[in-house]
Every structure is written in C-alpha cells, then in structure tokens.
Amino acid sequence: MTTNLQNSPLDFSNIQTARGLSYRVLCAGLDGTQFASRLLEDALGMGDVSGQDRRLATELTYGVVRRERTLDAIIETFVSRGRSSVEPELWCLLRLGAYQLIFLTGVPTHAAVNETVALAGSVGRARWTGFANGVLRSMTRALTGEPVNEPGRRAVPLRDGNYLGFDRDLFADSHEQPAEYFAAAFGFGDWAARRWLERFGFERLLKMGFWFNAAALPCLRVNLLRVDREVLLEDLSAAGVSASEGTLPESVRLGEMARITELPGFRQGWFTVQDESAMAAARLLNPAPGTRVWDMCAAPGGKSTHMAEIMQNHGTLLASDIEFRRIMNVEQTRDRLGLTMISTRTIYPDSRNLPDGPFDAILVDAPCSNSGVLGKRPEARHRVTAENVAELCELQARLLGAGLDRLAPGGRLVYSTCSIEPEENRELVLKVLAGRNDVELQEEQEHIPGEPVDGGYQALLQRT
C-alpha cells in the first residue's frame, strides 16, 4: 500500500492539502490493483491532517471513484484531442476538478478551477496548467444553471434526486437507450445496467441509482448488553448529533455524517456501525445462548459481534477469515464491545485449517459482487460483470458446501450476501441443495437497494 503511494511520476513531497491527498490516492489507484479506501487510509496517516481536510479528501476520493464513468463521459465532451492523447495522471486531475464543479455544491466554481490548476504546478507539471484551466473553464461555461427535473442527454443526476443541466449532449437518450444512459450518467457498468433495467424497470432503476450515489448516512447497531437504545439516543442528542430510532430494536440511524470514534458511547462499546440489511443475517440465524457457532467469513466482525450480543455473550463463537489484518479488526471490535465469547482464526489459503465442527449454527457471509451496497463500496461498481459474478459463484458454492458439511444434525445455517444478483443468491443456494438430501431451505429474505435500506440476500437452511 505504501509503495503504491510513494512510487509516482509526480512530486507529492510538499502536498498536504485535501485536494492534494485525494489526487495522490487517485493516481496511485490508476492501475486498479488496490482499494482507494486503503490507499486513503495510508495517505491520511502520513501527516497531520485536520478533520476538515480529512473529510474533504475522503469526499473527493470516494466521489471521483464512484462517479468515474460519469466524469469521463463529461470530460470527453470537452477534450477535443481525445482521451488517448492525455496522460493518465492529467486525466485523473481533470476528474478531480470536474467532480468539484458538478457534485460539490459547497465549493465555489472559481475555487474548484483554480485549486485544481494550481495542483498541477504543485506536483511538478506546470505544463498541464493551461490545458486543465481551459477544459474546466469550458465545462463551467457549459453549465446552464437551470433546474432539470428528468433524465436526458444533457442531464447529470446529482445526489438529491435532481439533475444538473448542460448546454450540450453528454449521454445517450434516456428514452431510446435507457440502459446506456443509466450506465454513463449514474456511473455503472453496461452489464449491470442492462440486467437491472430488465429486472426492475427504468423508474425503479433510477431510484436505485440515486440511492447508490447519495451520501450514505451511518446506521448504528446498539450493543443492548451494555446500554438501552433510548440512553444512547439521549446522549447523542445531548452531544448535538441528529439520530433517530431505526426499524429494528437495536438500530439507530444518524441524520448526519459524523466521526464515529468521537461519538458518545463509542469507547464504552455501546454500538458499532452496521446497516440494517446487514443486521438481518444474524437476526435470521438467531443463535441460542450456550450454543456453538461459526462465522466463516467474519471480517470485519459486524455479524460476529451481533450474534454474540443475541447470544447474551454466552456460548462459543469462532470468527474466521483469510486475512490476518482483517481478523485483527474483528478482535478490536470484539474487545471494544466486551464480547468475550468470540475466538478468532486466520484460515490458510488452502483451507487446511478449517474447523472440524460440528456447529449448532453457522453463518456463511460469502464474498460477493457487493452489488447491493455500491454506495458504500464505490470501486465495486466497476467489477459487477458477468465474468466476476461467475467466478464468485464458484467460491460461494464451495464455502456454502464447507459450512453445510460442518453443521450438526438439526443445526441452522444462514447463507448471506450483499449482492442482488440471482446467480449469487437463490439460484446458487438451490444448486448446492440439489446435490444434497440432508438440508432443507427454511426461509429467504431479499433486500432491494433503497427500499428502504441497502441490498442483500439471506437464506436460512437446516440440517435434517
């Protein structure tokens, strides 16, 4: 991670601004081999970054990654010489400037242009300044400033359900080519756009797109072993934090972005961050106190700790994953929440140290395409392809089979994903069960993005 940040053709030695940090991360991620979240964490740890700059750098980085395809379609309209003739790092700089112009309403136009142009000189590329200035100022003049209420060739969808108008065509026609419009205007792959359009229809697809591109407000899962939800809500209110009851007894929805580690009750282990759709897995499995439980793909630990809370911290729960670093995250969350029943294990790549079992309850929260949580996983939207889904299905089937093999007679297993692709969900479960006569499908749950939470799937299976 650090090597990618340090090996750059540009000079970042004197860059400590939010825009500079974001630009450094975006350039380091151009080869597509590392997650922006990890690169950003590394960059923010390199110097003394203020809270305001940290927030802006995070917004810029995730925003550009999330709207990369949209930004590219817009920029291409204003670059007459063609993208292939523009250096990748310069194109990345144009993305950063265009994102501020179009999507950051709190940044004045002159600041978005001037700061982006100045950044070129700061990284040792003064020869870029004229070109970047020309492209961004042309883009500024093309903004009509008039409200647009529906999708169209000249309409860029924003976060709030509205559109920003340009004086020229940017995208395909939303009536004649709805999938192509959605893919470019909202920032998704062609394969996903076509299949979602066929499955959900255009109006529902637009709602999904706005949901994925909106600022995702955090949801907290209250540790009811340590505090009542009402007490946490009172403390949050006293601290000036907007929050309300969620749809589940243990959920609290924040009404604003916040630094989670600085919220009242964080250090006391009163809560952890978890979306309500993710809480559904542990609630469906509902492991009983005193039983033996295995969370096969546990990191970062949200579902493991949720199950331990449901079990009143009584019994045994093994949380396993293949990355030691991610297992450390599980342990940190476990310790902060005071859940002593959880033990951890790092699984070898060849799986030779999988636990023997049998277990009374198993959660298989399988690696997936993340197509139900693309607002929170900005890079994942570029990986929702037929090839990747097919490859994931092979892994998911192996994991589900390994879990079922270690389930005690009468035991329960929940197979869970944060995907909305049928191949990863119901179709996969039925395919695995077709080869066995010792397991029954008891219940299924499906969540569609924005209705009213993130997307996902859970299936409850029982060994006969």
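Any Cβ shown, glycine's included, is placed from N, Cα and C.
Quantities reported herein were computed from a predicted structural model and do not represent experimental measurements.
Going by TrEMBL, these are the annotated features:
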- 208-464: domain 'SAM-dependent MTase RsmB/NOP-type' (DOMAIN)
- CYS297, ALA298, ALA299, PRO300, GLY301, GLY302, LYS303, ASP321, ASP365: S-adenosyl-L-methionine binding site (BINDING)
- CYS418: active site, nucleophile (ACT_SITE)
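Mapped onto this structure are the features recorded in TrEMBL.
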| residue | record | contacts (Cβ under 8 Å, 6+ apart) |
| --- | --- | --- |
| CYS297 | S-adenosyl-L-methionine binding site | SER320, ASP321, VAL364, ASP365, ALA366, PRO367, LEU399 |
| ALA299 | S-adenosyl-L-methionine binding site | ALA319, ASP321, GLU323, ARG326, ILE327, ASN329, VAL330 |
| GLY301 | S-adenosyl-L-methionine binding site | ALA319, ASN329, VAL330, GLU331, THR333, ARG334 |
| LYS303 | S-adenosyl-L-methionine binding site | GLN274, ALA278, ALA281, ALA282, ASP295, LEU363, ASP365, SER416 |
| CYS418 | active site, nucleophile | SER277, ALA278, CYS368, ASN370, SER371, GLY372, VAL373, ASP454, GLY455, GLY456 |
Near S-adenosyl-L-methionine: residues not in CYS297, ALA298, ALA299, PRO300, GLY301, GLY302, LYS303, ASP321, ASP365 with Cβ within 8 Å of the site Cβ centroid are ASP295, SER304, ALA319, ARG326, VAL330
In three-state DSSP terms, LYS303 (S-adenosyl-L-methionine binding site) is classed as helix
The correct three-state DSSP answer for ASP365 (S-adenosyl-L-methionine binding site) is strand
